[in-house]
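One structure is given below, encoded as structure tokens.
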Amino acid sequence: MDTLTPAEVTAVMLTIGEKKAAQKYYITFFKAWMAAWMLNFGAMSVQIFQGGAGTLRKDYPSIINLVAALIFPIGLIMLVLTGQELCTANFMIFIMTSIKKRTKLWELPVNWIIVFFGNMAGALTFVAFLAHYSKLYNTDALVTYSAGVAVTKTAEGWGPCVLRGIGCNFLVCLAVWLGAGARETISKIFALHFPAFAFVFLGFEHVIVNMYYIPIGMLNGAHVSVGKYVGQSMIPSLIGNIIGGALLGVPMVLFYTPPELPFFHRKRGNSVVVRENVDVGGGTIGDNLHVEPVNGHKKQ
């Protein structure tokens, strides 16, 4: 089955944004809680692998990071395929719907706030119950490594952290974008996996993933205060993630939902116009989209 075109994926994203905005707030919150819970299965798997790598981590750091990056996307795949709410994806989606006036401007901050704190609640409960109280951090090497990660992530400085946040969420949103364009499960898994793999391997910063790495490090003895975590990691990575989502979402709206671009009225040949409001009903997202070629012939 063919993948959706970029114009069709843009239409899907706009429709998804409308549905997210219409969702009851308590459902949005608990979907956000579940999203972070799922995402942290990947984060915890990565840290247990890296913390237990011993001298291999020092002797072959690129290889260890490569394997860790291959492991991490399991959480993102789970949360996307089950339809949960991740604030970093919503940074892109609600900017797109706001530009197209498919959602009200006030719905953007409301959704972002609810999903952000829902993600935080899910991440912190995961840290407490599945990581800390479960006693899975049961070796000195793993405890020391997790504490070191927390210290490192709060010592980057604002500029590098913002820039790493931009790179991270551009790739995360690209993963979500490519996943929406795929029409069957195995294709969605591959589409989601590789951009997420890239952001981990490259060392970028994801505000929600850090809600696992830094708190578990703090519980394991890292000399990091809550204030330092919020001021030196959470806020700059959040700003970077918002910018990164915008850097993907805004161009896609301008490229594929005319007439925003000034050259739209030039001769377009066999380009298509997507009817953005038809992606309703059951089935996989995108299956119900219709596109209309400029010459009037329709396809589905």
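Keep in mind that glycine also has a Cβ here, set from the backbone N, Cα and C atoms.
Taken from TrEMBL, the feature transmembrane segment covers 25-43, 63-96, 108-133, 162-180, 192-214, 234-257.
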Top partner of the transmembrane segment (234-257) among 25-43, 63-96, 108-133, 162-180 - counted as Cβ pairs under 8 Å:
162-180
Other parts of the chain folded back onto the transmembrane segment (25-43), taken as Cβ under 8 Å at six or more residues beyond its ends:
71-76, 78-79, 82-87, 110-111, 114-123, 125-127, 130-131, 208-209, 211-213
Go through the chain and flag residues at least 6 beyond the ends of the transmembrane segment (162-180) whose CB is under 8 A from any CB in it; none is fine as an answer.
4, 9, 12-13, 16, 73, 76, 80, 86, 88-89, 91-92, 156, 188, 191-196, 198-199, 202-207, 236-245, 247-249, 252, 285-286
